[in-house]
C-alpha cells in the first residue's frame, strides 16, 4: 500500500532538513537560549540564597542588638547600684568624720574649759591668799593693839598647837 | 488569545471547510469514491493545491527533480497540468515523464503513453530517483522557516536582558524549559542530557509546528507520512547506537546475571528490540496524525456519500470537534515522540551500577 511505503525523496529531504535544522538551531537558538535560562535560574537561586543570608544576618543582628541592650541595662543597673553604694559609703564616712570632729571639738573645748578653770582657780587661790593676808594683817594689827589681846592670841595659838 | 480572535479563527476554519466542500462537489460529478478522495488528501503530491475558485484552481507549482540513468530532469509541477492519472506526458531532456497517482514515472525509450499491465501497475515506465520538492517537502521547509523565525529571536532576547521574556517568547521559553526539565533531564539523567538537548528540542518543536501546520486547511500531511517519521526515527536510532555505553551493548548481546542459554535466547530479542523502539516511534506518529486527517476527511466525506447537504450540519461540527482534538494530539504526539526518544537514548547512555 502506498500509504505505508516510504518515498525516498521525502525521506531524503526530511533527513537532510532536520539534520541541518538541528545544527542551525543548536548554534543560533538552543545554546544561547539554554545558556540564558540557566544564567537566569542561577541568578534567581543566588538572589534567593543572598536574601536568605541577609535575613539570617538581620536576625543575628537583632539578637546582637537585644544582647547589647540587655548588657547595657545590666551595666546601668550595676552602675546605679555602685553609685548608691558609694553614696551610702560617703554619707557614712561623712557622718563618722563629723562625729569624730565633733568629739574632737568637744574634747578640745573641755580641755580649754579645764585649763581656764585651773587658771581661774589659781587666780582665785592667789586672790584668796592675798585677801587672807590682808585680812590677817588687819586682824593682827587690830589684835596687837594691846597686850591683853596679844596674850589672848598667843594663848589661842598655843591652844591650837596643843590640839595638834 | 481574546475571544474575538478565536472566533475569527473559527470563521476561517468554517470558510475553508466550505471551500473543501466545493472541491468535493467537483469530484462528485464522477462517481464519488471516498477512499480515493481521502487517500488523495493525505498523500504527497507534486503541486500544492490550496482550493478551487470557480474554474481556476489556486495551486502552488513546485519543482520536480528526477534522476534517471541519462541524467537529471527538472521542471515545475505545473507542467503536469494537475494531472495525476498518467495522461499528460512531459517531455524533458529527451525523456518522457508522467504523473501517475502522484508518482513520477519515466517512460521507457520510444514509448509515448503510459500503459498498464494486468496488475494495474504501469508496465512500460520506471520510477526514477525522485528528489522533487513535493508538497510535503515544501511544507517541511515552511516548518523550518517558522522555527527559524521563532527561536533565534528568542535567543537574541537573552543577549539584551537577563529578565524573563514576555509574550510569545515567554511561551516558547516555557516549552523549552518543559522539554529540558520534564523530558530530557528525568529520562537521560543530569550528567548527559545537555548533549541531546539540541536534538530533542528541534524534534519536539519541528513535530509540533509541523503537526499544527498540517491541521490548516489545504496543508500537507507531513508528519502523517511514513517517509518523514522514518527519517525522524532513524536519527533517534543512530543516537542510540552511537551513544550506547558498553553496558548497554552488553545487556543486548550478553545479558549479565542470567544463565547462558537464556543469554543466547535474549540476544536476538534484545537486538530486535533495539530496532523496534524507533520503529514504534515512527509508526505511532505516522498513524496518529494520519488517523486524525482520515477522521476529519471521512466526516466531511459523509456529506457526499449520503449525497445530502443536511448531513453537513452534523459532520461539520463533528469535524470541527475532531480538529480541535487534533490540536491537542499535535502537541501530544510531539511530546510523546520526544519523550520516548529521550527515554530510549537514556537507556542507551545509562551507566549501570556494577552488580
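Here the Cβ of each residue, glycine as well, is placed from N, Cα and C on the backbone.
Unlike curated records, TrEMBL annotations are generated automatically.
Residues annotated as signal peptide in TrEMBL: B:1-23. According to TrEMBL, the feature transmembrane segment maps to B:137-156, B:196-216, B:222-243, B:264-287, B:293-320, B:327-349.
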Folded-back contacts onto the transmembrane segment (B:222-243), same chain, C-beta under 8 angstroms, at least six residues removed: 42-44, 136, 139-140, 143, 195-196, 199, 203, 207, 210-211, 213-214, 274-275, 277-279, 281-283, 285-286, 289-290, 292-293, 333, 337, 341, 344-345, 347-349
Stretch among B:264-287, B:293-320, B:327-349 sharing the most Cβ pairs under 8 Å with the transmembrane segment (B:196-216): B:327-349
Remote residues contacting the transmembrane segment (B:264-287) - C-beta distance under 8 A, at least 6 residues beyond either end: 207, 223-226, 228-230, 232-234, 236-237, 240-241, 251-255, 258, 333, 336-337, 340-341, 344
